[in-house]
Amino acid sequence: MFDHFKSNRPDGFPEHPHSGQETITYCLSGAICHEDFTGSKGVLYPGDLQFMTAGKGIVHSEMPVPSADGQPAELLQFWVDLPRKQKECRPRYRDLREWEVPVYTSDDGLVSVKVISGSSYGVGVAREFTYTPIELYHFTVKPGAEWRQPLTADYNYFLYVIRGNGLNVSGKSISPFETVFFNDRGDHISGSATKETEFIIAGGLQLDQKSEIQGPFVTNDKKSMAKKIEAYKTHKGGFEKLNTWTTLISGGVTADMINGPLKGNREKRNQAKQRYLSRG
């Protein structure tokens, strides 16, 4: 599943479950807080990403941070199926900060690529954040740009336009919010731009397995699905922490929370960024 959404609703997305999948949340603008019943807490600011492995089961909350100008948080979220052997793994979180994402910029300045996962124009990412191998690229192209992205065999790929209406792929104009799916027979995607445009290319390894999906639960068959839903209802089979967990942010986010337990203080964030950049 893929979703591009904006939200400044104070009620946000209070506690809800997931299992059998991984989610990737990419903050484009604004900020969003998160917490889960394993004790993980944090704040995503523009350019940040969060990789969550639900595994055998997790319950979390995602709440937009109120902005002074009333502008909503803008996010992309991807749901990635877990391989069968990892369906019951322990849940985990990994955050990737904006300054940790390598960026390629062409010599003429017309093509810029944030390489979140994978490799583009010789810029690659060593760390893998998901059990299912994926690639994720955020392109910004300017008028006159020509771009090319190699593809990996046995992956499914799609392209999605975030904003701008100057993108051409295989002789076709691609509009904002339009998604293009590609077959698995080619070795690259290429295109050009007549206006400044932002888009993502996402790909993932094809899994040789069946999937059963009901809301936030993903299993491989109906029997496993029934067991997982029952486990959630009874706080068993991966959801035991629901017996003792109390949500912090589902009622709304305050500045004290951001600067305190959520560890989202902007000054400390900037210090962390400077320390990272000073290393090289």
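Cβ atoms here come from the backbone N, Cα and C positions, even for glycine.
Listed features, source TrEMBL:
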type	residues	note
BINDING	H16, H18, H60, E62	Fe cation binding site
DOMAIN	10-80	domain 'Pirin N-terminal'
DOMAIN	137-236	domain 'Pirin C-terminal'
REGION	260-280	region 'Disordered'
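Annotated features, which come from TrEMBL, shown on the structure.
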residue : record                 : Cβ within 10 Å
H16     : Fe cation binding site : 13
H18     : Fe cation binding site : 23
H60     : Fe cation binding site : 26
E62     : Fe cation binding site : 25
(message) I need to check the long-range neighbours of the region 'Disordered' (260-280): which residues 6 or more away from its ends have a CB within less than 8 Å of a CB in the stretch?
(response) 31, 33, 35, 41-43, 45, 65, 97-100, 248-249, 253
(request) Around the recorded Fe cation site, report the further residues of that chain (criterion: Cβ within 8 Å of the mean position of the Cβ atoms of H16, H18, H60, E62; site residues excluded), sequence-ordered. (result) F13, E15, P17, T23, H34, D36, M52, I58, V59, S61, P216
(request) Would you mind pulling the DSSP three-state label for E62 (Fe cation binding site)? (result) strand
